[in-house]
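Here the structure is laid out as structure tokens; the discussion comes afterwards.
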Amino acid sequence: MQYYNVFTYPIVRDQLIVNTVLVACATLFVVLRFYSRRLRRSKIWWDDAFCVAAMLHTYGMLAMQFHYARIGMRHHVGVLPAANITLIAKMLLIYQIVYYNAMVLAKFSYLFFYLRIFVTREFRILTWMCMGCAGAYWLGSVLQIFLICTPFEKNWSDVPGHCASQNVAFSTIGAFNLITDVMIMALPIRFIWKLQMSIGTKMALYGIFGLGAFISSITIIRIRVLTTVNFNDLPYSMTWAAFWSVTEPALAIGNSCAPMLRPICKAVFPSLFASAQAGYSTQPASGPKPILSKNNTFDRIHDVDIEYPLTQMDQRSDGDEGSLNDRSHDSRSQDGPRQFPRSVVGDNKAHS
């Protein structure tokens, strides 16, 4: 086994620096996510747990990218010792598993965040369906790792056997990854439009949830790069594929944390949010304050911090009361009636 200076090639050096910065930023976003939870006195839930799990897998991706550089990434296969080539091929199998884990965990984090803030039956069913699609994407991705070559040893050894086109497999799986991203990004569009709030606030929510479009563009770039990988000269041709495979989950984690950071931004820039508060009120201009009843389609929620007051159609039937709307995960949730629903960045307290 021979080891190389990871900064020998400028392109590898620059990619490692960029991904290190991105992973550090993703880590900061995760820390701020939990600090925001503390500011709002919100309980930790599954969306937070999946976010941390995705972050840990992304650390593994970055570590393997560094080790790839150390054992010969960007060198042509003809100048590398056989032991290095074998290790690179074996690491590719682990690299794929860690990548798929990181991506699906980030998706689950976002979907459980949806379950935290939206409480209508239809939306929750669609969210669980998206989770099923994300789980199917993960299962298919992992299965192809073990089924693409027969025997399995053919992945790293020149033994008799057969391997299907790995470029096609990677591109196909990348396409399914993109489809699930679009599904998750599109899921709240119709429901947000039905919320009882100003157009400007709706546009702000669309902007927050639409950040996934940037991640989708990274996914498209990665798919294109995967089609150019030459598996006969893997150490040299894998450079950009390795780079985007770390960049994508790091950005996805940051994206999943962004909606939770409003309390921190509000604390840092109080004047900005004070002006926004003056331009929008959750209270009606006159008359009694509206409350939720079985006869009302909408209820306006008053949040003590004037966060985005997500309101929605109450689709409960008399026979399923509590089945969807008793999922309060916050310390302040038991102070009054059920919350319909929590805000984007914290929790709404029912106002009566």
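Using the three backbone atoms N, Cα and C, a Cβ is placed for every residue, glycine included.
The annotation compositional bias 'Basic and acidic residues' is assigned in TrEMBL to 315-335.
Residues or ranges marked as domain 'Rhodopsin' by TrEMBL: 32-266.
Positions annotated as region 'Disordered' by TrEMBL: 310-352.
Within the same chain, residues 6-7, 42, 44, 48, 51-52, 55, 58-59, 62, 65-66, 69, 243, 246-247, 250-251, 253-254, 257-258, 260-264, 345-346 sit at least 6 positions outside the transmembrane segment (16-36) and bring their C-beta atoms closer than 8 Å to a C-beta of that stretch. Taken from TrEMBL, the feature transmembrane segment applies to 16-36 (among others).
Per TrEMBL, the feature transmembrane segment maps to 48-68 (among others).
Feature annotation from TrEMBL assigns transmembrane segment to 88-113 (among others). Here the transmembrane segment (88-113) has Cβ contacts under 8 Å with residues 45-48, 50-51, 53-54, 57-58, 60-61, 64, 67-68, 71-73, 80, 127, 130-131, 134-135, 137-138, 141-142, 145, 155-156, 177, 180-181, 184, 212, 234-235, 238, 242, 245, 248-249, 252-253, 255-256, 259-260 of the same chain, all six or more residues outside its ends.
Under the heading transmembrane segment, TrEMBL lists 125-148 (among others).
For 168-193 (among others), the entry in TrEMBL reads transmembrane segment.
Annotation source TrEMBL lists transmembrane segment at 205-225 (among others).
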What else in the chain is close to the transmembrane segment (205-225), if you only count residues 6 or more beyond its ends and a Cβ gap under 8 Å?
110, 170-171, 174-175, 177-178, 181-182, 184-185, 188-189, 192, 195, 240-241, 244-245, 247-248, 251-252, 255, 258-259, 308, 310, 344
